[in-house]
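What follows is one structure encoded as structure tokens, with my remarks underneath.
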Amino acid sequence: MQALVNKIWYQGHPLRWLLLPLSALFAFITAFRRSLFRLGIKSQTTLPVPVIVVGNITVGGSGKTPTVIYLIELLRNQGFNPGVISRGYGAQFQGVKVVTVKDAATDVGDEPAMIVARTGVPMVVGAKRVETAKALLTQFAVDVIICDDGLQHYALGRDIELVVIDGKRGLGNRNLLPAGPLREGEWRLNQVDFVIVNGGPAVANQYEMQLRPCAVLPVSPAVTAEFDSTQPLVAMAGIGHPARFFETLTQQGYQVALSHSFDDHQAYDKRQLCELAASRPLMMTEKDAVKCRDFAQENWWYLAVDAKLSPQFDQQLLSRLRSVAAAKKGKSHGV
């Protein structure tokens, strides 16, 4: 099914035309929903600290999670104390939940588990963004909230919006769901503060981002050996765009004997992956690794990547953030 969807969205498959009436209905529903907030019929909650939303206007992986990790590290280096909220897609909990390094990905979601494992950032997950953000502020002394995904969740007031675009797949056929991959029209890019292009050329008023491999690490915390890069390996990925991961491995010179794609947010078990690896080294993404660490074998590895953005982006974002923070601080003191 996913292969057919990709053909419709990115390769001009004629079934797109049959889906266009449904896309028109989707456009009407989303426009109506936005108008409720614009007209004040539905309220938007403003928080006392700056809120940065990192999202996209397409379905599927675009690089939001590495962007969030980049922002966490950037803000910390500048003296901020950021916290993160997320939906926790596929997680098994009710209400809101604080994410810890001990939490399984099945309990809090793949991306939250990965973000906290990498950074240790204060993080709360929940279906309702406003409720989740308030819980974060109640339980942690954060001065900036980063919302991982949630561009279309207008009930949460935001001060800075970042959209991440896949530089290779772009916006596909530029149709709204289900005929195309768009959650909102291309016009939305003109309203956000920053457009980040992941792994592709950026045009005017956009910022290019590269995901650069930084280490090959064992999935199991108990393993102390280093990876032997001369061995042929089996590659697997359960992310929004697995082909990008496989291409990265090839570009890094690894001998990929077999590659296998899983669905995004796939749940794994030990026997399934042992059969796939067949005693060969198994290489996966960092997002997959957080789901496998409890039953990982000695020859299972993951490729850690770091996002790289320009100093110009850093400067523009920090300038905007400091301006927002000062204004909110002034209001809290009655200035």
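The backbone N, Cα and C atoms fix where each Cβ goes, and this holds for glycine too.
Here Swiss-Prot flags Thr58, Val59, Gly60, Gly61, Ser62, Gly63, Lys64, Thr65 as ATP binding site, drawing on sequence analysis.
Lys64 (ATP binding site): 23 other CB atoms within 10 A of its CB, across all protein chains. For Ser62 (ATP binding site), the same-chain residues 6+ apart in sequence whose C-beta sits under 8 angstroms from its C-beta are Asn56, Val164, Ile165, Asp166, Asn198, Gly240, His241.
Listed in chain order, the residues near the ATP site other than Thr58, Val59, Gly60, Gly61, Ser62, Gly63, Lys64, Thr65 are Asn56, Val164, Asp166, Gly240, His241, each with its Cβ within 8 Å of the site Cβ centroid. Annotation for Gly60 (ATP binding site): spatial neighbours Asp166, Arg169, Pro181, Gly240, His241, Asp264, criterion Cβ-Cβ under 8 Å with sequence separation of six or more.
Of the listed binding-site residues, namely Gly61, Gly63, the sparsest CB environment within 10 A is found at Gly61. Using a 10 Å Cβ-Cβ cutoff, Thr58 (ATP binding site) registers 24 neighbours. Looking only at other Cβ atoms within 10 Å, the busiest spot among the binding-site residues Val59, Thr65 turns out to be Thr65.
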